[in-house]
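Accompanying notes for the structure given below.
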Amino acid sequence: MNGTEGPFFYIPMSNATGLVRSPYDYPQYYLVPPWGYACLAAYMFLLILTGFPVNFLTLYVTIEHKKLRSPLNYILLNLAVADLFMVIGGFTTTMWTSLNGYFVFGRMGCNIEGFFATLGGEIALWSLVVLSMERWIVVCKPISNFRFGENHAVMGVAFSWFMAAACAVPPLVGWSRYIPEGMQCSCGIDYYTRAEGFNNESFVIYMFVVHFTCPLTIITFCYGRLVCTVKEAAAQQQESETTQRAEREVTRMVIIMFVAFLACWVPYASVAWYIFTHQGSEFGPVFMTIPAFFAKSSAVYNPVIYICLNKQFRHCMITTLCCGKNPFEEEEGSTTASKTEASSVCSVSPA
(Lines of atoms letter the chains of each structure in order from A and count residues from 1; the text may use other names and numbers.)
(Lines give C-alpha, C1' and ligand atoms only; values in the text may rest on other atoms or scores of the structure.)
Protein backbone atom coordinates (compact mmCIF):
# COMPACT_ATOMS: atom_id res chain seq x y z
CA MET A 1 0.00 0.00 0.00
CA ASN A 2 1.40 3.41 -1.02
CA GLY A 3 -0.50 5.40 1.60
CA THR A 4 -1.01 5.40 5.34
CA GLU A 5 -4.48 4.81 6.76
CA GLY A 6 -5.28 5.88 10.30
CA PRO A 7 -8.34 6.64 12.42
CA PHE A 8 -10.41 8.98 10.22
CA PHE A 9 -7.59 9.96 7.87
CA TYR A 10 -5.61 8.73 4.88
CA ILE A 11 -2.17 10.16 4.05
CA PRO A 12 -1.00 9.62 0.43
CA MET A 13 2.46 8.55 1.61
CA SER A 14 3.84 5.29 2.96
CA ASN A 15 4.92 5.37 6.60
CA ALA A 16 8.01 3.25 5.90
CA THR A 17 10.19 6.21 6.86
CA GLY A 18 8.20 6.97 10.01
CA LEU A 19 7.47 10.56 8.90
CA VAL A 20 3.69 10.29 8.65
CA ARG A 21 1.70 11.94 11.44
CA SER A 22 -2.01 12.54 12.06
CA PRO A 23 -3.30 15.53 10.03
CA TYR A 24 -5.34 16.55 13.09
CA ASP A 25 -2.27 16.97 15.31
CA TYR A 26 0.85 17.77 13.30
CA PRO A 27 1.84 20.01 10.34
CA GLN A 28 2.03 18.03 7.11
CA TYR A 29 5.13 19.72 5.72
CA TYR A 30 6.61 16.33 4.80
CA LEU A 31 3.93 16.18 2.08
CA VAL A 32 4.40 19.67 0.65
CA PRO A 33 6.86 22.42 1.69
CA PRO A 34 5.49 25.28 3.85
CA TRP A 35 5.39 27.64 0.87
CA GLY A 36 2.88 25.28 -0.80
CA TYR A 37 0.50 25.66 2.14
CA ALA A 38 1.06 29.42 2.08
CA CYS A 39 0.04 29.49 -1.60
CA LEU A 40 -3.05 27.47 -0.75
CA ALA A 41 -3.99 29.91 2.02
CA ALA A 42 -3.46 32.87 -0.33
CA TYR A 43 -5.68 31.24 -2.95
CA MET A 44 -8.45 30.66 -0.41
CA PHE A 45 -8.13 34.27 0.79
CA LEU A 46 -8.57 35.42 -2.82
CA LEU A 47 -11.71 33.30 -3.18
CA ILE A 48 -13.11 34.74 0.06
CA LEU A 49 -12.19 38.27 -1.00
CA THR A 50 -14.07 37.90 -4.29
CA GLY A 51 -16.69 35.25 -3.53
CA PHE A 52 -18.28 36.86 -0.48
CA PRO A 53 -18.81 40.37 -1.96
CA VAL A 54 -20.16 39.20 -5.32
CA ASN A 55 -22.63 36.76 -3.76
CA PHE A 56 -23.65 39.13 -0.98
CA LEU A 57 -24.13 41.88 -3.57
CA THR A 58 -26.40 39.55 -5.52
CA LEU A 59 -28.66 39.10 -2.50
CA TYR A 60 -28.59 42.79 -1.58
CA VAL A 61 -29.37 44.04 -5.09
CA THR A 62 -32.29 41.64 -5.40
CA ILE A 63 -33.74 42.78 -2.07
CA GLU A 64 -33.16 46.42 -3.02
CA HIS A 65 -34.89 46.20 -6.44
CA LYS A 66 -38.42 44.83 -6.32
CA LYS A 67 -38.53 44.07 -10.06
CA LEU A 68 -35.82 41.44 -9.55
CA ARG A 69 -37.90 39.52 -7.01
CA SER A 70 -39.61 37.36 -9.62
CA PRO A 71 -40.15 33.59 -9.35
CA LEU A 72 -37.64 32.97 -12.13
CA ASN A 73 -34.89 34.61 -10.05
CA TYR A 74 -35.47 32.49 -6.95
CA ILE A 75 -33.10 29.78 -8.11
CA LEU A 76 -30.44 32.37 -8.93
CA LEU A 77 -30.68 33.68 -5.37
CA ASN A 78 -30.48 30.10 -4.15
CA LEU A 79 -27.24 29.79 -6.10
CA ALA A 80 -25.85 32.84 -4.31
CA VAL A 81 -26.88 31.44 -0.91
CA ALA A 82 -25.17 28.14 -1.75
CA ASP A 83 -21.99 29.96 -2.69
CA LEU A 84 -22.07 31.90 0.58
CA PHE A 85 -22.38 28.57 2.41
CA MET A 86 -19.19 27.46 0.72
CA VAL A 87 -17.37 30.73 1.42
CA ILE A 88 -18.37 31.09 5.07
CA GLY A 89 -18.53 27.45 6.13
CA GLY A 90 -15.71 26.03 4.01
CA PHE A 91 -13.28 28.59 2.62
CA THR A 92 -12.57 30.38 5.90
CA THR A 93 -11.81 27.07 7.62
CA THR A 94 -9.57 25.88 4.80
CA MET A 95 -7.63 29.15 4.74
CA TRP A 96 -6.87 28.88 8.47
CA THR A 97 -5.88 25.21 8.30
CA SER A 98 -3.63 25.95 5.31
CA LEU A 99 -1.87 28.67 7.30
CA ASN A 100 -1.20 26.09 10.02
CA GLY A 101 -0.23 23.28 7.66
CA TYR A 102 -2.71 20.76 9.07
CA PHE A 103 -6.37 20.41 10.08
CA VAL A 104 -6.22 22.24 13.41
CA PHE A 105 -9.95 21.95 14.12
CA GLY A 106 -9.87 18.21 14.74
CA ARG A 107 -12.33 15.52 13.78
CA MET A 108 -15.44 17.56 14.58
CA GLY A 109 -14.13 20.49 12.56
CA CYS A 110 -13.46 18.16 9.64
CA ASN A 111 -17.08 16.98 9.72
CA ILE A 112 -18.37 20.56 9.84
CA GLU A 113 -16.10 21.82 7.05
CA GLY A 114 -16.76 18.80 4.86
CA PHE A 115 -20.51 19.08 5.41
CA PHE A 116 -20.74 22.79 4.59
CA ALA A 117 -18.47 22.51 1.56
CA THR A 118 -20.40 19.51 0.22
CA LEU A 119 -23.80 21.01 1.00
CA GLY A 120 -22.95 24.33 -0.65
CA GLY A 121 -21.46 22.68 -3.70
CA GLU A 122 -24.41 20.33 -4.12
CA ILE A 123 -26.99 23.10 -3.67
CA ALA A 124 -25.19 25.04 -6.39
CA LEU A 125 -25.02 21.98 -8.64
CA TRP A 126 -28.72 21.12 -8.29
CA SER A 127 -29.62 24.80 -8.65
CA LEU A 128 -27.99 24.68 -12.08
CA VAL A 129 -30.05 21.59 -12.86
CA VAL A 130 -33.28 23.33 -11.83
CA LEU A 131 -32.28 26.42 -13.82
CA SER A 132 -31.67 24.36 -16.96
CA MET A 133 -35.02 22.57 -16.53
CA GLU A 134 -36.83 25.85 -15.98
CA ARG A 135 -35.28 27.33 -19.16
CA TRP A 136 -36.21 24.19 -21.12
CA ILE A 137 -39.83 24.20 -19.90
CA VAL A 138 -40.35 27.95 -20.40
CA VAL A 139 -38.64 28.25 -23.79
CA CYS A 140 -39.17 24.87 -25.45
CA LYS A 141 -42.71 24.51 -24.03
CA PRO A 142 -42.90 20.70 -23.71
CA ILE A 143 -45.98 21.32 -21.54
CA SER A 144 -48.57 23.49 -23.28
CA ASN A 145 -50.09 26.44 -21.40
CA PHE A 146 -47.54 26.04 -18.59
CA ARG A 147 -46.70 29.20 -16.66
CA PHE A 148 -43.72 29.16 -14.32
CA GLY A 149 -44.95 30.68 -11.05
CA GLU A 150 -43.85 31.27 -7.49
CA ASN A 151 -44.91 27.80 -6.34
CA HIS A 152 -42.76 26.15 -9.01
CA ALA A 153 -39.79 28.31 -8.05
CA VAL A 154 -40.13 27.42 -4.37
CA MET A 155 -40.41 23.75 -5.28
CA GLY A 156 -37.21 24.06 -7.33
CA VAL A 157 -35.35 25.63 -4.42
CA ALA A 158 -36.65 22.98 -2.00
CA PHE A 159 -35.65 20.24 -4.44
CA SER A 160 -32.08 21.53 -4.65
CA TRP A 161 -31.78 21.58 -0.85
CA PHE A 162 -33.25 18.09 -0.54
CA MET A 163 -30.85 16.63 -3.10
CA ALA A 164 -27.90 18.44 -1.53
CA ALA A 165 -28.80 17.10 1.91
CA ALA A 166 -29.11 13.61 0.43
CA CYS A 167 -25.44 13.85 -0.45
CA ALA A 168 -24.00 15.86 2.46
CA VAL A 169 -25.78 14.26 5.44
CA PRO A 170 -25.05 10.49 5.03
CA PRO A 171 -21.30 10.82 5.82
CA LEU A 172 -22.28 12.40 9.15
CA VAL A 173 -24.41 9.42 10.15
CA GLY A 174 -22.16 6.56 9.13
CA TRP A 175 -22.65 6.03 5.40
CA SER A 176 -19.11 6.94 4.29
CA ARG A 177 -17.29 9.69 6.19
CA TYR A 178 -15.49 13.02 5.84
CA ILE A 179 -11.69 12.89 6.06
CA PRO A 180 -8.87 15.35 5.22
CA GLU A 181 -7.91 15.07 1.57
CA GLY A 182 -4.98 16.03 -0.62
CA MET A 183 -2.68 18.26 1.40
CA GLN A 184 -4.83 17.49 4.47
CA CYS A 185 -6.17 21.05 4.89
CA SER A 186 -9.72 20.51 3.67
CA CYS A 187 -12.16 17.66 4.16
CA GLY A 188 -14.21 15.69 1.68
CA ILE A 189 -15.84 12.32 1.04
CA ASP A 190 -13.63 9.30 1.70
CA TYR A 191 -12.75 8.01 -1.79
CA TYR A 192 -9.46 6.64 -0.51
CA THR A 193 -10.26 3.69 1.75
CA ARG A 194 -12.60 0.78 2.29
CA ALA A 195 -12.86 1.50 6.00
CA GLU A 196 -14.84 -1.16 7.82
CA GLY A 197 -18.35 -0.21 8.87
CA PHE A 198 -18.69 2.87 6.63
CA ASN A 199 -19.75 1.30 3.30
CA ASN A 200 -17.63 3.77 1.35
CA GLU A 201 -17.95 1.82 -1.89
CA SER A 202 -21.74 1.93 -2.05
CA PHE A 203 -21.87 5.62 -1.12
CA VAL A 204 -19.29 6.67 -3.72
CA ILE A 205 -21.15 4.75 -6.45
CA TYR A 206 -24.45 6.30 -5.30
CA MET A 207 -22.90 9.77 -5.33
CA PHE A 208 -21.39 9.41 -8.80
CA VAL A 209 -24.61 8.07 -10.31
CA VAL A 210 -27.15 10.32 -8.57
CA HIS A 211 -25.12 13.45 -7.89
CA PHE A 212 -22.91 13.63 -10.97
CA THR A 213 -24.10 11.53 -13.91
CA CYS A 214 -27.77 12.49 -13.49
CA PRO A 215 -27.15 16.27 -13.24
CA LEU A 216 -24.77 16.12 -16.20
CA THR A 217 -27.34 14.25 -18.30
CA ILE A 218 -30.18 16.62 -17.40
CA ILE A 219 -28.18 19.78 -18.08
CA THR A 220 -26.87 18.39 -21.38
CA PHE A 221 -30.38 17.50 -22.55
CA CYS A 222 -32.01 20.79 -21.48
CA TYR A 223 -29.34 23.08 -22.91
CA GLY A 224 -29.12 21.01 -26.08
CA ARG A 225 -32.84 21.41 -26.67
CA LEU A 226 -32.56 25.09 -25.75
CA VAL A 227 -29.96 25.79 -28.44
CA CYS A 228 -32.03 23.94 -31.04
CA THR A 229 -35.15 25.93 -30.13
CA VAL A 230 -33.26 29.23 -30.34
CA LYS A 231 -31.90 28.36 -33.78
CA GLU A 232 -35.36 27.36 -35.03
CA ALA A 233 -36.89 30.60 -33.74
CA ALA A 234 -34.17 32.68 -35.39
CA ALA A 235 -34.51 30.79 -38.69
CA GLN A 236 -38.17 31.78 -38.86
CA GLN A 237 -37.27 35.47 -38.45
CA GLN A 238 -34.19 35.78 -40.64
CA GLU A 239 -35.11 39.31 -41.67
CA SER A 240 -34.66 40.52 -38.09
CA GLU A 241 -31.07 41.48 -37.29
CA THR A 242 -31.89 41.91 -33.61
CA THR A 243 -33.23 38.37 -33.47
CA GLN A 244 -30.01 37.01 -34.96
CA ARG A 245 -27.99 39.01 -32.44
CA ALA A 246 -30.17 37.72 -29.61
CA GLU A 247 -29.66 34.17 -30.86
CA ARG A 248 -25.88 34.58 -30.74
CA GLU A 249 -26.01 36.09 -27.25
CA VAL A 250 -28.21 33.34 -25.87
CA THR A 251 -26.20 30.58 -27.54
CA ARG A 252 -22.97 32.03 -26.16
CA MET A 253 -24.47 32.24 -22.68
CA VAL A 254 -25.64 28.62 -22.80
CA ILE A 255 -22.25 27.39 -24.00
CA ILE A 256 -20.49 29.31 -21.22
CA MET A 257 -22.88 27.83 -18.66
CA PHE A 258 -22.25 24.30 -19.84
CA VAL A 259 -18.47 24.68 -20.17
CA ALA A 260 -18.29 26.18 -16.67
CA PHE A 261 -20.23 23.22 -15.29
CA LEU A 262 -17.82 20.79 -16.95
CA ALA A 263 -14.73 22.78 -15.93
CA CYS A 264 -15.89 22.83 -12.32
CA TRP A 265 -16.96 19.24 -11.78
CA VAL A 266 -15.33 16.94 -14.34
CA PRO A 267 -11.69 17.29 -13.14
CA TYR A 268 -12.67 16.73 -9.50
CA ALA A 269 -15.03 13.86 -10.30
CA SER A 270 -12.49 12.21 -12.62
CA VAL A 271 -9.67 12.33 -10.08
CA ALA A 272 -11.97 11.15 -7.28
CA TRP A 273 -13.18 8.23 -9.39
CA TYR A 274 -9.60 7.32 -10.31
CA ILE A 275 -8.57 7.30 -6.64
CA PHE A 276 -11.64 5.25 -5.73
CA THR A 277 -10.98 2.63 -8.42
CA HIS A 278 -7.21 2.54 -7.73
CA GLN A 279 -7.21 2.52 -3.94
CA GLY A 280 -3.73 1.83 -2.57
CA SER A 281 -1.99 3.03 -5.74
CA GLU A 282 0.60 5.78 -5.61
CA PHE A 283 -0.45 9.41 -6.06
CA GLY A 284 0.80 12.68 -4.61
CA PRO A 285 -1.11 15.01 -2.26
CA VAL A 286 -1.35 17.68 -4.96
CA PHE A 287 -3.11 15.22 -7.29
CA MET A 288 -6.41 15.61 -5.42
CA THR A 289 -5.80 19.12 -4.08
CA ILE A 290 -5.69 20.97 -7.41
CA PRO A 291 -9.05 19.76 -8.86
CA ALA A 292 -10.73 20.03 -5.44
CA PHE A 293 -9.67 23.63 -4.98
CA PHE A 294 -10.42 24.51 -8.59
CA ALA A 295 -13.98 23.27 -8.04
CA LYS A 296 -14.23 25.66 -5.09
CA SER A 297 -13.75 28.58 -7.50
CA SER A 298 -17.30 27.93 -8.72
CA ALA A 299 -18.42 30.12 -5.80
CA VAL A 300 -16.89 33.05 -7.71
CA TYR A 301 -17.67 32.34 -11.35
CA ASN A 302 -21.16 30.96 -10.73
CA PRO A 303 -22.65 34.39 -9.92
CA VAL A 304 -20.63 36.02 -12.71
CA ILE A 305 -21.99 33.65 -15.36
CA TYR A 306 -25.52 33.04 -14.11
CA ILE A 307 -26.36 36.47 -12.76
CA CYS A 308 -24.05 39.16 -14.15
CA LEU A 309 -24.88 38.04 -17.72
CA ASN A 310 -28.48 38.94 -16.92
CA LYS A 311 -28.86 42.44 -18.40
CA GLN A 312 -31.68 43.45 -16.06
CA PHE A 313 -29.71 42.42 -12.98
CA ARG A 314 -26.56 44.09 -14.29
CA HIS A 315 -28.48 47.34 -14.75
CA CYS A 316 -29.82 47.17 -11.17
CA MET A 317 -26.40 46.29 -9.79
CA ILE A 318 -24.72 49.24 -11.51
CA THR A 319 -27.51 51.51 -10.28
CA THR A 320 -26.97 50.31 -6.71
CA LEU A 321 -23.19 50.68 -6.85
CA CYS A 322 -23.41 54.13 -8.45
CA CYS A 323 -25.82 55.51 -5.83
CA GLY A 324 -28.97 55.35 -7.94
CA LYS A 325 -27.49 56.35 -11.31
CA ASN A 326 -26.46 54.14 -14.20
CA PRO A 327 -23.80 55.81 -16.39
CA PHE A 328 -24.46 53.18 -19.06
CA GLU A 329 -28.24 53.74 -19.08
CA GLU A 330 -28.44 54.64 -22.78
CA GLU A 331 -26.63 51.46 -23.81
CA GLU A 332 -28.78 49.34 -21.50
CA GLY A 333 -31.90 51.00 -22.90
CA SER A 334 -30.99 50.15 -26.49
CA THR A 335 -30.27 46.57 -25.47
CA THR A 336 -33.64 46.33 -23.77
CA ALA A 337 -35.33 47.61 -26.92
CA SER A 338 -33.57 44.94 -28.94
CA LYS A 339 -34.70 42.32 -26.47
CA THR A 340 -38.30 43.45 -26.82
CA GLU A 341 -38.21 43.15 -30.62
CA ALA A 342 -36.74 39.66 -30.46
CA SER A 343 -39.12 38.43 -27.80
CA SER A 344 -39.38 34.85 -28.97
CA VAL A 345 -35.64 34.30 -28.61
CA CYS A 346 -34.77 36.56 -25.75
CA SER A 347 -37.07 34.71 -23.42
CA VAL A 348 -34.19 32.25 -23.17
CA SER A 349 -32.15 34.69 -21.12
CA PRO A 350 -32.60 34.29 -17.36
CA ALA A 351 -35.50 36.42 -16.23
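Note that Cβ sites are derived from N, Cα and C of the backbone, with glycine treated the same way.
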(message) I'd like to check whether Ser186 and Thr319, as annotated in Swiss-Prot, sit on the same side of the membrane - that is, whether they share a topological domain name.
(response) no
(request) For the disulfide involving Cys187, grab the partner from Cys110, Cys140, Cys264 as Swiss-Prot records it. (result) Cys110
(request) Based on Cβ atoms within 10 Å, give me the single least packed residue among the recorded positions Cys110, Cys187, Cys322, Cys323. (result) Cys323
(message) Assess whether the transmembrane segment (37-61) lies in contact with the transmembrane segment (253-274), where contact requires at least three Cβ pairs under 8 Å among residues 6 or more apart in sequence.
(response) no
(message) Please list, in sequence order, the residues in the chain of Asn200 (N-linked glycosylation site) that are at least six apart in sequence and whose C-beta is under 8 Å away from its C-beta.
(response) Ser176, Arg177, Asp190, Tyr191, Thr193, Arg194
(request) Could you check what DSSP calls Asn15 (N-linked glycosylation site) once collapsed to helix, strand or coil? (result) helix
